């Protein structure tokens, strides 16, 4: 597989699918020579985007206009899967929002198993998946569920991306069965690394990942907004306060990610004896911010564990 020119099919290509395709294409374009892709291995070099409505097909054709490597197919899932080497399955948000990266994603929205199963129940789609790899970004639908809906020879990988993928600063966690081919693992990692950071974890951790990484941008934005409110309270204009707060969070996160420093070390580096920082930190502790945020992730994990489950009859 590693030396083969691969075709990636995005089955149900909404905004997340568009972002992934554009991320890969931008990465390959940067290494292109004389208009042709360099011989990059472990990446797709041809792309198929499928949809079920003619309106979506028009939008997709407009987005990928001029790209000879990308084909848009409407209502032809089985044929598309048959032409692909790897299939990306997404049954969530299918809306299009025009932005620099054309992506809006709510990865923790409830995905009913029937939504994915209805696509895979098609006999021709089922057969076309034989001996291929399917990467699912359907929240809450487990590998064991998916494996029950595809041929035994199909490799299933789960992916949990998050909304910062829209600016190529996303975090994606991948999970796959123990005997998954190294080539497929490399391929999946390459695909999602075009949208930010990517790593593998056991599937048992995906509920916590959904809560922390998937829901985390919402939690972080509450903190960002609160810090900006404090700046406004002390006389800063809203736009200035928001910019300062956003850059503070971005910078602090960058110090942790880029230097490997522990968050406590970053905090201590700012805190001087008798200074304003320690005064502010004690105020935060008075509000039990640590336990509140930790419990927030705990509760979100509990809810994430219910996604994809059939309702009790």
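In case you wondered, yes, glycine gets a Cβ from its N, Cα and C as well.
TrEMBL labels come from automatic prediction, so no person has curated them.
Taken verbatim from TrEMBL:
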type	residues	note
SIGNAL	1-21	signal peptide
BINDING	11, 12, 13, 14, 15, 16, 41	NADP(+) binding site
BINDING	77	NADPH binding site
DOMAIN	203-306	domain 'Pyrroline-5-carboxylate reductase dimerisation'
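Residues near residue 11 (NADP(+) binding site) in space but far in sequence (CB under 8 A, at least 6 apart, same chain), listed by position: 50, 77, 80, 81, 87, 88, 89, 90, 119. For the NADP(+) site, whose binding residues are given in the record as 11, 12, 13, 14, 15, 16, 41, the maximum C-alpha distance rounds to 26 Å. Per-residue pLDDT, averaged along the domain 'Pyrroline-5-carboxylate reductase dimerisation' (203-306), amounts to 96 for this model. Here the domain 'Pyrroline-5-carboxylate reductase dimerisation' (203-306) has, by DSSP, the following mix of helix, strand and coil residues: 87 helix, 0 strand, 17 coil.
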